[in-house]
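Okay, structure first, notes after.
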C-alpha cells in the first residue's frame with residue numbers, strides 16, 4: 001500500500017515538535033473498507049484472521065500496533081519491530097501508528113497495561129484519560145462477564161484524524177481534543193465528554209471487536225447497544241484525589 005494524505009488507509013498525519021518543526025506520523029484508519037488500501041485482504045468484517053505485523057521504522061520513532069512488541073532489532077538508523085500475533089479479528093480493526101510520542105501508563109485493577117500516548121512534552125495531558133480507562137476496563141469485564149482479551153490497551157492522540165475516535169483493538173486512536181486534558185484550560189464539560197468518548201471506545205473492545213457484526217448493514221447493532229447501557233447502569237468513580245471533583249461515567 002501507499003502512504004496517502006486522505007486520512008484513510010495508511011496515511012500521513014502532520015504534527016509539530018515542541019521546537020516548532022513540522023513532522024509526519026504514519027497512522028492507519030481502516031473502518032469501514034480501507035484496510036485494502038494498505039495490504040491485500042478480504043476486507044469484510046465477518047471474514048476474520050490473525051495478523052503478524054512487523055514494521056521497519058526510524059530507530060528514534062515510536063512504533064505501535066494492536067499487540068505488544070515481541071522483538072525489536074536496531075541496525076544503524078532503523079529498527080525492525082515485530083509484534084505478537086493478534087487474536088482472530090476483522091481487518092478494519094488492525095492498526096499501526098509510527099511517530100514521536102510521550103506516554104503515561106498504569107495497570108488496571110485486573111492487570112491490563114493501559115497507556116495513553118500524547119504529543120511530545122504533553123504527557124500530563126493524558127493523565128485524565130488514563131485514569132478513566134484504567135477504571136472502566138475492570139467495570140466492563142464484570143458487566144460483560146468476559147475479561148478484556150488482550151494484554152494491553154493503548155490510547156493515542158492523533159493530530160490529523162477524521163473521526164472523534166476509532167476503536168482499533170488494543171490501539172484506540174483519538175482526535176487530540178477527544179483525549180487530552182489541559183488542567184488550566186479544559187472545561188468540566190469537555191472533561192466529561194472525553195470520559196464518555198474513552199468509555200465508548202473501550203466498550204467497543206467487547207461489543208464490536210470481540211463480537212462483530214456480519215456486515216456494515218448491521219452497523220446499527222455495533223453502536224445502538226452501547227447507549228442501552230446508559231439505561232442499565234451508571235458507574236461513579238471518585239477522582240477527587242487527582243482532579244478535585246467526582247465524575248459520573250456512563251457508557252455511550
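Quick reminder: no glycine exception, Cβ is built from N, Cα and C everywhere.
Among 176, 183, 223, only 223 appears in TrEMBL as part of the Zn(2+) site alongside 200, 204. Residue counts for the domain 'Aminopeptidase N-like N-terminal' (1-93) under DSSP (helix as H, G, I; strand as E, B; rest coil) come to 6 helix, 41 strand, 46 coil. For the domain 'Aminopeptidase N-like N-terminal' (1-93), the predicted model reports an average pLDDT of 96.
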